[in-house]
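Visitor: Questions regarding the structure given below will be posed in turn.
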């Protein structure tokens, strides 16, 4: 019997030797941008390195890439993926006079302007905003948030095509270059700024594995990014960040053209009421799960660990519940970029993920996914779903996938097997981006192909079992489900086998 209630009643709460299936993404900043710390982060559980292009020079980001790759030479382990997070079409205030902070009392009336002459001359009477069309899209009565909602202003009057008269709704300080949010207002900013385009080209040149695309509002935004990446960057995965109401409204069309999704709850919690973020998170994750596309939950997950060695209980619950919702990956931002306890943060996230994964009722979840998936499915998906069912029926401890593109591993992951999924591929890029898929453990097979395709297949399967033994996934006597193609190339995975490790029936 495997119901959710039965699973929770019998939940093992003490630490064990479980295999963590949820990937961990860590933002690399000044505190962690060195080889020794990156090695320590990887040993603690880091799978994907994130570079935040809202900050830092190209020289700095190049050093992150170089150090990440050096860490793999020092500590080979599992392959490490590198993600480039774009700045995106943000709205920001200008520079304050003498770059000082100005106190703003409640009910304080002032001017917001798009006049460039105030771009470096802001104070508590007039504030520059770099979105030229703000006076065209906003109306009196609307609210403007500044500095992640620290300050709120009500629009009193659209004075002219460059000027808004506003009133503060709370007290606070206004600083230079702070973010501006317009909740409930459709903005018409371009999907990519010139800086974003240059950043993407930098990513292509340096062989990053995925783009975290900020403030995506429409499917066309994703297509625009793909155009900039071009032929040379065609294998880079585009993970869209949903962080405004437009992105939520257009989510279905966005999901169709994206490789994956990040639920970026920071700006989203400003754009829509915070209690609604809970529902949006669950809804978007469920849609990604059904589509078989990876989904990341991000922002303020272990925020207090930026300064404290231990998290709050609420933060641990947040991480765990994101995993129970169905997130493939969870992400750390300031905790690893500038925090005092980056290793602790990754360790805490890894330990929390293991406990949360124990609470999942795998067979009811599998049944939900099978029943809700439109039929007919592709041959590869049919085999992937059957392999997950076979795990339960055979008591198998591992699913072993041979894949060139990683698509088969993605589809196996969709159906959430209780056991690990070992992916064996000759393509290093496939191995690295496959960290995005829940439960997938990628390994690169570096030997040249044998002339005999059958012998080559056997060698790769044998390598996968050896890696699984080395990592403690299986031992002699365990059943293994393997998926492979009937011939070489991409898109031919249609064969499932059951083997016993070290037994008479083992033929791999």
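Cβ atoms are placed via backbone N, Cα and C, with glycine included.
Swiss-Prot lists 50, 266, 267, 299 with the feature substrate binding site, giving similarity to another entry as the kind of evidence. The ATP binding site annotation in Swiss-Prot covers 52, 53, 54, 55, 92, 178. The K(+) binding site annotation in Swiss-Prot covers 52, 54, 85, 86 and is backed by similarity to another entry. Here Swiss-Prot flags 243, 267 as Mg(2+) binding site. Swiss-Prot lists 241 with the feature site 'Transition state stabilizer', giving similarity to another entry as the kind of evidence.
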Visitor: Work out how many Å separate residue 92 (ATP binding site) and residue 267 (substrate binding site) at their Cα atoms, rounded off.
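Guide: Per the Cα atoms, residue 92 (ATP binding site) and residue 267 (substrate binding site) stand 13 Å apart.
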Visitor: Should any of the recorded positions 85, 178, 241, 243 have a Cα within 10 Å of the Cα of residue 50 (substrate binding site), which are they?
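Guide: Near residue 50 (substrate binding site) by Cα: 85.
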Visitor: Between the binding-site residues 54, 55, 299, which lies closest to residue 86 (K(+) binding site), Cα to Cα?
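Guide: If we rank 54, 55, 299 by Cα distance to residue 86 (K(+) binding site), first place goes to 54.
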Visitor: In sequence order, what residues of the same chain, 6+ apart, have a Cβ less than 8 Å from the Cβ of residue 266 (substrate binding site)?
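Guide: Sequence-distant Cβ neighbours: 148, 243, 298, 299, 300.
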Visitor: Should residue 54 (ATP binding site) be counted as helix, strand, or coil on the basis of DSSP?
Guide: coil
Visitor: Would you identify the secondary structure of residue 266 (substrate binding site) according to DSSP, in three states?
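Guide: DSSP call for residue 266 (substrate binding site): helix.
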Visitor: Which of the recorded positions listed here (85, 241, 267) have a Cα atom within 10 Å of the Cα of residue 52 (ATP binding site)?
Guide: 85
Visitor: Around the recorded K(+) site, report the further residues of that chain (criterion: Cβ within 8 Å of the mean position of the Cβ atoms of 52, 54, 85, 86; site residues excluded), sequence-ordered.
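Guide: The answer, listed by sequence position, is 51, 53, 55, 84, 87, 88, 212, 214.
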Visitor: Distance between residue 241 (site 'Transition state stabilizer') and residue 54 (ATP binding site) at the Cα atoms, whole Å?
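Guide: A Cα-Cα distance of 14 Å.
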Visitor: For residue 92 (ATP binding site), what is the secondary structure state per DSSP, taken as helix, strand or coil?
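Guide: Where residue 92 (ATP binding site) sits, the three-state DSSP reduction gives strand.
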Visitor: Do you see any of the binding-site residues 53, 54, 178, 267 whose C-alpha is within 10 Å of residue 85 (K(+) binding site), and which ones?
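Guide: Those near residue 85 (K(+) binding site) - Cα within 10 Å - are 53, 54, in sequence order.
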